[in-house]
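Contents: one structure, followed by commentary.
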Amino acid sequence: AFGVAKLRSYSDWKKNNCTSECAERILGETRTEAGSISRLEPQACRAPSVVLEALSLHRLILQAEKVFLLADGANLYVHAYDGKLVTNPKWPGLRPDLLNAKTLSLSNDTIAVREKNDEKHILFFDAASGKALNDQKPFAHTTEVMEVALNQGGSVADRRCAFVDRNRDLFLCFTRKEPPNNFRVAKLGETLCVVLLNREFGKNPHLVSFAGDQVVVRRSDGALIHSLVPPYALVLHEYSLTGKWEAAVRLCRFVKDETLWACLAAMATNAKDLTTAEVAYAAIDEADKVNYIKYIKEIPLREVRAAEMALLAGNVKDAEGILLQNGLVFRAIMMHLQLFHWERALDLAVKHKTHLDTVLGYRKRYLDRFERQETNKKFEQFSQNVKIDWNDIRNKVEMEFQKELDRARGSSTQKGSNPLAMGIKPEPAVPKVPVGAGSRRNSKKPPPEDPADLDTEPDFDLAEREMEVFD
């Protein structure tokens, strides 16, 4: 690290056609003594140069697309590429002299650092303000964290932190907490190792960087080796970020790789693009998800469709929140019954004072099917005071579905358009999986309808078929 840092963003170099010879000359002329100023008359490179005069030795320099970080013996400094100081993050027990590229990571909007006092903790900071995120509470792992790294693409909501623990296991977590006030974390691999097919890397290579389709590896003798990987994954991410789903589908059809199709399916599901998600899931033979997407297309209410898409993506809490915010308590209760979240369904029924007998009835039917006795004290308590009448339950369920149909028809009349939002053409309905089925793979597709009918009115009989399935 040098007292003078001359830093340029890769985007500026590429935009201004900076040559490799110019880059080498710049790197050579910036190796000056601490406290001095490096001057360079730009010739081959037309990008403006920024020279920072440092008052002390910098032990660490980290770069992101829009900002870079300098660390000396006492403080951290985040600068923009125009030289402006953005923030000066601080926290109790800060020891910049002990930080390195493995325990500190930077992105355009987030700073991640392994806490020195407790190496099981990872702290996250806002790169713009320097304030600690998540109410100043760190992410706590079960064992000591050895390395941390932030992803560089996407928005703040897409920011993830990858870390390797003492067991060499690789994990991925969100940098922002989600309800109910916890971190989402996933284990990606065990006993992490590097697999290199090129013999020129030699023994015991070290992965220095992996940006876009370029990989930089340091060999055991210290030499840096640059290599390229297929660019298809990077291009697919760019298409998804810009919403070019048709181009993404054409790319996957050209490459013909199941992994790429799976990535597209996940991206489209997250973006709630039903058509692309259906094509991608069909390409990897996920018939149950294809049928479920067709079922989602048939739902008249936009709010219910959004909740079902969140459920397809595995976000149960988001799906519940969407339903409750739009007053669809019955749908939220039935969703938890289908997922066998009995206690949560009971809590919603008690809180909103509705469909308590429905929850208790389905719970009893479930236990009778497996010839088991009730052991949950909450269900035992309410079962003593609530009478289960299946005729009454069916009538209430039918009434709830009728309310949804009336609400969808009213919305369609007011907007003067088909209530199936997003311009999706209706498909033959696929009934929802009955409670107790355990998987959506058991859903069966009904006989195809007349194609002429599909172009006129949406299928409002779906709710009636759902009621039969629940029954």
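Each residue, glycine too, has its Cβ placed from N, Cα and C.
The DSSP breakdown of the domain 'IFT80 second beta-propeller' (59-190), given as helix, strand and coil counts, is 9 helix, 58 strand, 65 coil. Look at TrEMBL and you will find 59-190 (among others) tagged as domain 'IFT80 second beta-propeller'.
Annotation comment: TrEMBL describes 193-232 (among others) as domain 'IFT80 second beta-propeller'. With a threshold of 8 Å between CB atoms, the same-chain residues lying at least 6 positions outside the domain 'IFT80 second beta-propeller' (193-232) that come near it are 152, 168, 251, 255, 257, 260.
Sorting each residue of the domain 'IFT80/172/WDR35 TPR' (260-404) by its DSSP state yields 111 helix, 0 strand, 34 coil. Per TrEMBL, the feature domain 'IFT80/172/WDR35 TPR' maps to 260-404.
TrEMBL lists 405-471 with the feature region 'Disordered'.
Annotation comment: TrEMBL describes 450-461 as compositional bias 'Acidic residues'.
If you look up TrEMBL, you'll see 462-471 marked as compositional bias 'Basic and acidic residues'.
Confidence over the domain 'IFT80/172/WDR35 TPR' (260-404), given as mean pLDDT on the 0 to 100 scale, stands at 90.
For the domain 'IFT80 second beta-propeller' (193-232), the DSSP-based tally of helix, strand and coil residues reads 4 helix, 16 strand, 20 coil.
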